[in-house]
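Features reported for this protein in Swiss-Prot:
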REGION    1-143  region 'Repeat-rich region'
REGION    1-49  region 'Disordered'
REGION    5-20  region '3 X 5 AA tandem repeats of G-Y-P-P-X'
REGION    71-150  region 'Disordered'
REPEAT    185-256  repeat 'Annexin 1'
MOD_RES   LYS233  N6-acetyllysine
REPEAT    416-487  repeat 'Annexin 4'
Amino acid sequence: MSYPGYPPTGYPPFPGYPPAGQESSFPPSGQYPYPSGFPPMGGGAYPQVPSSGYPGAGGYPAPGGYPAPGGYPGAPQPGGAPSYPGVPPGQGFGVPPGGAGFSGYPQPPSQSYGGGPAQVPLPGGFPGGQMPSQYPGGQPTYPSQINTESFPSYPVFSPVSLDYSSEPAAMTQGTQGTIRPAANFDAMRDAEILRKAMKGFGTDEQAIVDVVANRSNDQRQKIKAAFKTSYGKDLIKDLKSELSGNMEELILALFMPPTYYDAWTLRKAMQGAGTQERVLIEILCTRTNQEIREIVRCYQSEFGRDLEKDIRSDTSGHFERLLVSMCQGNRDENQSVNHQMAQEDAQRLYQAGEGRLGTDESCFNMILATRSFPQLRATMEAYSRMANRDLLSSVSREFSGYVESGLKTILQCALNRPAFFAERLYYAMKGAGTDDSTLVRIVVTRSEIDLVQIKQMFAQMYQKTLGTMIAGDTSGDYRRPLLAIVGQ
């Protein structure tokens, strides 16, 4: 069986970040590569990282927790939404809590990087190559000190069948975003349209949407430069003065360079009291090596802080070690598959979990943090044949809390990354209230990468289109740009 690899995807690098200690919260003049013919943008325009969380959801009630997954894989759960096509229904991925609005952003002194994770010895295989006849220990008992208020009952993916015949075309034919560079693009003309939309009394939000939601991120950077050249004003400051709430968050996110947006989001997730762990998981466990390395550099230069040290100070235990491994950006990205290694890794993972009392967490961390996604898919198939239980189910049995969510996110992305984001979007809108920050973040960050495939998986998994669910869960000026981006 072949295991098609993921083509390199993601955000284009931004090679020239400003030095540490820069005052502005957005790239200052002369640092990011702006197009020739336009002067570089000034700093200080983007909203600075708040003391905690994302902007409020504009009156929506805070999203509540979802019921915990029940039992092990088997019959579909009644009422649940399907996980991947052709497999039992799952319950999905939780959403981070909301937070306060925008506020000032401190500029602390720069910090140096810490050391990377140490090499972890792997346990050996089974004696004589034979599998244990029973699973010793049964269901693990989780530590009693875990605070259930800190670990709400978020839904998680149901384990999936390893039938790769149901994989979408995106797995073998590349992925596509819904936003493409506009033809006959004229930055000066677009700048003039935006100026007229914000001039005088009132704001023409539709004109803003027509421009912003139909230009690529690179074209938006050119529009910003053209706006300052033509009018001597900062476009971002003008937009902030004219917009508010979720509409403001969405439009400003679209104008941030992708690497900066990820770094800015990570800083917000760890700023102030509390940590948005699921935001850390969503970014660090799904990005490519190049994207992660660019995020680390941008985080240091923009905020004068070391990402790894912030992770260490805001997380702990095996979850901390997993995220530190992720922020190294050292996953093997070779698209070929070593089937012998896959078999050996499957045995090691079994012996580190189901095949012993307790769990060797370091073995799971090492394999899931270093192997390529095609290699992990082969390992998952070998594990399923060997253990008569899929690896996602075993992770659920052996781990709990955010480390479980992080490990499962890696495996879910190895199987089908668009399906992972489709489920995140579904549970951001399911039930009372909307997790608008998750909705905005995924729609914006995937709009030029794989939002086409995410839409396809969403419709296949939930029997409704992404646009239909967005239209029913949002309203007004905020709804229009979201629908324009997803292609409704």
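Even glycines carry a Cβ here, placed using N, Cα and C.
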For the repeat 'Annexin 4' (416-487), provide the mean pLDDT of the predicted model.
97
Name, in the order they occur in the sequence, the residues of the same chain whose CB lies under 8 A from the CB of the residue listed as 'N6-acetyllysine' and which sit 6 or more residues away.
PHE227
What is the number of residues in the repeat 'Annexin 4' (416-487) that are helix, strand and coil, as DSSP sees it?
56 helix, 0 strand, 16 coil
